[in-house]
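Contents: one structure, followed by commentary.
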């Protein structure tokens, strides 16, 4: 497997940028940490716009809708159009409506945050669960019953997950083999403030184990539904498109699966030794310490 190219000089940066017209960028770990913008990022994104590059922001975070992400970009003083944002909550709603042709008479049981329900609402898809099962009441098995109107269980990151939600989801899937089992993403961990916490993939492990069933589809990187949604919106020239991310098994694998060139930045989860070890399983085409390093070209 070829050794990744480290970008380390002004000439490297200029040569790299000239190769591409479109950049797909992960967000947390690439642009920001939590609500803190990483150094130089605003300047780099403005530079790419000035050079006529097309920017597409792709994130597995399902907690926010595209509208919420637009507000976050605005607060960080970054120019963005909502149609440039592809979050896993939007991908799930798009997939249900346009790919699965989800029946109008059915509804989705959601384990997740408001980003998912907001995106489903915008697509005219009914949902239940989510915040309504955060009631804090004592759990009673007698309160859970099969519901033939639930046509899918959709799971994302849920910081208020509880046994009631898992039991309801299990019941809908167990009692109805035709009920779809969908994930916004299957990340095992999520980054926050320089450390890691359990991600969606870890939270849904009890359902996978108890049902002895894998999800029918996973929306986010590195899976196909997200790339299908992007290519449906934008015509990508794969030879002139680069995926930029901080995580090998999601961002970089996503680019590889889509036959794109890839750039790993070291401001997030994956580190230099992960790609330079012998027989590294996932290797980007390029890497550099930080996206902000390109701000050298602004001087």
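Cβ atoms here come from the backbone N, Cα and C positions, even for glycine.
Unlike curated records, TrEMBL annotations are generated automatically.
Annotated features in TrEMBL:
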- 26: active site, nucleophile (ACT_SITE)
- 26, 28, 246: Mg(2+) binding site (BINDING)
- 28: active site, proton donor (ACT_SITE)
- 221: substrate binding site (BINDING)
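The number of other Cβ atoms within 10 Å of the Cβ belonging to residue 28 (Mg(2+) binding site), over all protein chains shown, comes to 19. Spacing of residue 26 (active site, nucleophile) relative to residue 221 (substrate binding site) is 10 Å (Cα to Cα, whole number). Sitting within 8 Å of the Cβ centre of 26, 28, 246, and not among those site residues for Mg(2+), are the Cβ atoms of 27, 29, 30, 31, 59, 191, 245, 247, 251, 265, 268, 269. Taking Cβ-Cβ distances under 8 Å and a sequence separation of 6 or more, the neighbours of residue 246 (Mg(2+) binding site) in its chain are 26, 29, 30, 264, 265, 266, 267, 268, 269, 270. Around the Cβ of the residue listed as 'substrate binding site', 31 further Cβ atoms fall within 10 Å across all displayed protein chains.
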